[in-house]
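K.L.:
I'd like to ask some things about the structure below.
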Amino acid sequence: MLRTALRNVLAHKARLLMTVLAVMLGVAFVAGTLVFTNTISDAYQKSSQKGYEGVDVAITPDKKDDDSANPGDAPRLSQRLLDQAAKSPGAASAFGVVKGSSALADKKGDLLGSGFSNLAGNYYPGADGKDPRYTMTEGRAPKAAGEVALDSKTAERGHYKAGDSIRVSVDGPVRTEKVVGVFTTDDGTVAAGGTLALYDTATAQKLFGKPGQFDEIDVKAAAGTSQSTLKSSIDKILPEQAKATTAKKLAKDQAKVIEEGMSSMQTAMLVFAGIALFVGIFIIVNTFSMLVAQRTRELALMRAVGATRRQVTRSVLIEATVVGAVAAVVGLAAGVGIGAVLRSALNSTGANVPDGPLIVAPTTVLASVVVGVVVTVLSAWLPGRRAAKIPPVAAMNSVHAAPTTRGLVVRNTIGAILAAAGIALVVAGAGMGGDGEGPMAFGAAVLVIGVFVLTPLLSRPLIAAAGPVLRIFGMPGKLARQNAVRNPRRTAATASALMVGLTLITGMTVIAGSMQKGIDKMAADGLRSDYVVSMGGGSGGSGRPLSPEVSKTLAKLPEVTTISPLRSSPARVAGDSDSLTGVDPKAIKDLVKVDFTEGSFAALGAPRPSSTTRSPTRTTGRSAPPSR
Amino acid sequence: MTTMPLGVKTTAHSTGAAARATDLSKVYGEGETQVIALDSVSVEFRQAEFTAIMGPSGSGKSTLMHCMAGLDTISSGSARIGDVELTTLKDKKLTQLRRDKIGFIFQAFNLLPTLNALENITLPMDIAGRKADQAWLDQVVATVGLAGRLKHRPNQLSGGQQQRVAVARALAGQPEIIFADEPTGNLDSRSGAEVLGFLRNSVRELGQTIVMVTHDPVAASYSDRVVFLADGRIVDELRSPTADSVLDRMKRFDAKGRTS
Ligand SMILES: Nc1ncnc2c1ncn2[C@@H]1O[C@H](COP(=O)(O)OP(=O)(O)OP(=O)(O)O)[C@@H](O)[C@H]1O
Ligand SMILES: [Mg+2]
């Protein structure tokens, strides 16, 4: 039995190739997705872990959730706390971290790095005069204002070396600093293509916060002291709005964040894999149906000499298993390739993924093989059942009785019911307005399935409609028409794979088109201005205010007619935490569209001079300006 | 002719009926297109007997065989293999009966193209998950003269060799009865004679029961008994036939057919 199935696979290699390709494609997508996401998250996790190597407990400002008395961020950490932490029992040393962002220009004046990850920090020399987080490879660490050190990748990209001067933008006007050193770091963002500029601690504090304050205090444990012991001793000295976390937990949390970030990407990619497999199902069903029809006599002979129905079905399923397994293995290999290609593609877009090995996890292998085999076997199940229904006498008759139209009656009925239910749901959903989305989506899905089921019925009139075109081809055209009409089931099966593909493509085009329109409309609704200028630089960068010079410089440009600075600040309004946005009251009405339910822009800023952009002004109507 | 001493199969009741049809009718289609292929046929195939079925084209010979062998359903009446009534069997039991008790040789397309000769011979046993009786298998293979061809695929064998593989397959399982539908129809007279001689020997020496459909009086002369079928009915029977006596009978039917 097994032997017969295996021989059949070998005998029909060419025909099965289509199936192998279809399954392989789907499996390759699945495996590629898994390899890619695993590789990336592994690389990020390793690099984030490395980042915590010199740290045992980190103290960070902590904003309590229910703290409505103090809107905005929690205060930064003081030098006093740093000194206390360094002296607390179990601590070997402590260093203060200042975080910020600095956009660095290359020698042509263009931004270095991808724009969302232009980091800046402080070099905090320890007892030995070195900061354990950074290893200087060239020059020396920054010691005074006007000095900056760059990470080696950025230095290389910008062709900077110690002694050069570099244009740097922090809060305020563009500054020109002197590059005094180049260093290497394990920082994950830098490994991922970001830039990192280091200043001496005092300068960093001046640039990014208030002097003498830190964003984070990292404490190293003395030999023999565990992270949790150190944490509990530090907990005792913490001010109210600060918390201590062990490095282990930080690494774990970061890993989780990375995992979550990856999982949404993974889901999106797996949807594509699912679609590929879904199309593949039609191809598999079709191929195996053809194989079964072609082998009617062989299968009937097997039945005649004593194979039970179940054995015949099983032999088809064994074939499917072999094909699925081969396809899965090839697909897995292709998937590993896809994963590697995706990573280098991602790197070439500038977002450098930290280096790391290509991860082919056991789950990836398992998932690929299971997906490949299960999909193939399930798809071959129906043709396998059909094979079992071949009567043994078919071995003797040259033509096996064609499938009767009786089966189509059942099929058409089911299809008609599905289609009708689908239409009813869509109509009902459309009538329900906003709440109707669910029924409408469900109805649409049901309608699509109904149409698929009805394809054999629909094929006749559609082929008839194509008659005039076919007539041009004379006899071959006539034969083609008759062949297509003769077995509507077969015609439908062949058409289905194409139908799914086209349905998906049109569906996606419509979705993308609608979304684009929706976004355009939303943007046009909320915003009248032509440009929005904001600060670049991701973590720590976005949301930071632009220098006041920027708006003054822009206002002087002849092309600019109206301009309003815009600054948000957290605030407590009538007991609730809220956000206030300060704007130029004269200009803002021309720049954003706000639907007032009460009041107007007119009253805004009337009694005050309009140039006070830094003092928060509350919009009279309750409405938020468009987000950038 | 090869007369190898094949191990004689012990048949406990060698005078009983290996298969029997009683008032067997088979009707194809309905209404206007209805065809009565078999019309109340009653016939008995005794054990260790070589029976030939003859009759004009469309007289129902193949239909009778298919019904008796459990390959096709019957419309009314009864068909038995040994003591087993086929009409009462469910598909699974019927399939097992075909596998274990019945051998087949068809006119053409007897073999699975993907299996080699030996694998085709042992196919029913493979399906049953049984091991072939190696000594018996060797004897059968030697007798049909296929020893050197066992690893060949059907498309590497001549028509006569393919039929001999089919004969070997039918015999290898030591079934209670073998049905052969025009087994020599596609063969030249020499290969045909080989196959027929071999079938006759298996009846004589092994006590095998064989029912064979044929159009050829010479082929029929190898049998012990000829049953004549016309329009779905048994019309005559001839014992210990020779090619001439069979031809003689056939002529008579032809004449009858024309005058009536
Ligand atoms: N599947 C079928 N559907 C309808 N009629 C059939 C079918 N099979 C056979 N018949 C009819 O039954 C009758 C007997 O057919 P059968 O094949 O038994 O004849 P036969 O004696 O074997 O003929 P031949 O010598 O040509 O093989 C014929 O009239 C044939 O047309
Ligand atoms: Mg016939």
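Yeah, the Cβs are placed from backbone N, Cα and C, and that goes for glycine too.
Owing to the predicted nature of the structure, the values given are computational and were not obtained by experimental measurement.
Straight from TrEMBL, here's the annotation block:
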{"type": "COMPBIAS", "residues": "A:605-628", "note": "compositional bias 'Low complexity'"}
{"type": "DOMAIN", "residues": "A:17-236", "note": "domain 'MacB-like periplasmic core'"}
{"type": "DOMAIN", "residues": "A:271-392", "note": "domain 'ABC3 transporter permease C-terminal'"}
{"type": "DOMAIN", "residues": "A:491-601", "note": "domain 'MacB-like periplasmic core'"}
{"type": "REGION", "residues": "A:602-628", "note": "region 'Disordered'"}
{"type": "TRANSMEM", "residues": "A:16-36", "note": "transmembrane segment"}
{"type": "TRANSMEM", "residues": "A:269-293", "note": "transmembrane segment"}
{"type": "TRANSMEM", "residues": "A:316-338", "note": "transmembrane segment"}
{"type": "TRANSMEM", "residues": "A:358-382", "note": "transmembrane segment"}
{"type": "TRANSMEM", "residues": "A:414-434", "note": "transmembrane segment"}
{"type": "TRANSMEM", "residues": "A:440-470", "note": "transmembrane segment"}
{"type": "TRANSMEM", "residues": "A:491-512", "note": "transmembrane segment"}
K.L.:
In the same chain, who gets a Cβ under 8 Å from the transmembrane segment (A:269-293) while lying at least 6 residues past its ends?
P.N.:
8, 12, 15-16, 18-19, 22-23, 25-27, 29-30, 32-33, 36-37, 299, 316, 319-320, 371, 375-376, 378-380, 382-384, 386-387, 390, 490, 493-494, 496-497, 500-501, 504
K.L.:
If you run through the domain 'ABC3 transporter permease C-terminal' (A:271-392) with DSSP, how many residues end up as helix, strand and coil?
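P.N.:
Breakdown, helix to coil: 101 helix, 0 strand, 21 coil.
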K.L.:
What is the pLDDT of the domain 'ABC3 transporter permease C-terminal' (A:271-392) when averaged and given as a whole number?
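P.N.:
A mean pLDDT of 85 is what the predicted model shows over the domain 'ABC3 transporter permease C-terminal' (A:271-392).
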K.L.:
Run through the domain 'MacB-like periplasmic core' (A:491-601) and tell me, per DSSP, how many residues are helix, strand and coil.
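P.N.:
Split into helix, strand and coil, the domain 'MacB-like periplasmic core' (A:491-601) gives 50 helix, 18 strand, 43 coil.
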